[in-house]
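A quick write-up on the structure given underneath.
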């Protein structure tokens, strides 16, 4: 995609960082959540810069959605991550950012593309955190680019609304499974959750959680679910669209829950929910803040894919979720094959 440019748009940016041992799992694969957090940081910087190129209220861009993101190649400890971000479309109240991630082997100089992501941001005023600021428009090299961007904008807007209607406000009870009584390879055996108190270091200037922090927590829970199911080295293969339904304030307690929904021969889909509980404003109750589906694969000691144990379904609800997961799996597989054919 050629990128539109305008004098008012923020210049493309690049973030570089060496991957450290605490960025990776026990065999040296960088966590998917670490990469997602870097992607969001780059997107947040460029969208906030762009939205402050006009006079008026100063603002901070908040992450509203991340489109499906594939992890094309693994990244390892010692490699340098190059994360580049560019603005590709603006609507009245949102910014589309395209982000590419390259991994560089600093010993050989070899580079490879590991991720391509599309993120949507909405700017909020620093004076009034509930006020959405109008986004400065960018210029396009031709009308076709603008029309394509508008189609992407309308598509993501519709899907966000559908997702919120489906499960945006429905809070699933978090049940700690008794793994002594649950059979292996069942949903109940591998389902997991973690609790996180939102502190100042997790938040933007507005006092709300960075989207990258939330995604990193979600990836951690999804990874635990996958590891419990396979008991092998596991890595993130892709993340379906992540919808940020509501902002999360500093001081909230987050409950991040994950459960296995579907397994194919070499992959597993994990559904992850983020529920927020505001201790300061307890009367408002808890709410569903974020939802997403993560896909993981199992690897052997040489980094080659291993077969995934089939998921054992114990009731009609699990069967229904598995069928829906299979439909998503087949749809994504068909899309990948179609893209490969177009590239030939």
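Using the three backbone atoms N, Cα and C, a Cβ is placed for every residue, glycine included.
As annotated by TrEMBL, active site applies to 25 (among others).
The active site annotation in TrEMBL covers 219 (among others).
What TrEMBL records for 318-327 is compositional bias 'Basic and acidic residues'. Among residues of the same chain six or more beyond the compositional bias 'Basic and acidic residues' (318-327), those with a C-beta under 8 A of the stretch's C-beta atoms are 187, 261-262, 264, 269, 271, 293, 311.
Under DSSP, the residues of the domain 'HotDog ACOT-type' (9-127) split into helix, strand and coil as follows: 23 helix, 57 strand, 39 coil. The domain 'HotDog ACOT-type' annotation in TrEMBL covers 9-127 (among others).
The domain 'HotDog ACOT-type' feature in TrEMBL is assigned to 188-302 (among others). Mean predicted confidence for the domain 'HotDog ACOT-type' (188-302): the pLDDT average there is 93.
Note: the region 'Disordered' (302-344) comprises 28 helix, 3 strand, 12 coil (DSSP; helix = H, G, I, strand = E, B). The feature region 'Disordered' is assigned by TrEMBL to 302-344.
Using a 10 Å radius centred on the Cβ of residue 219 (active site) and all shown protein chains, the other Cβ atoms total 26.
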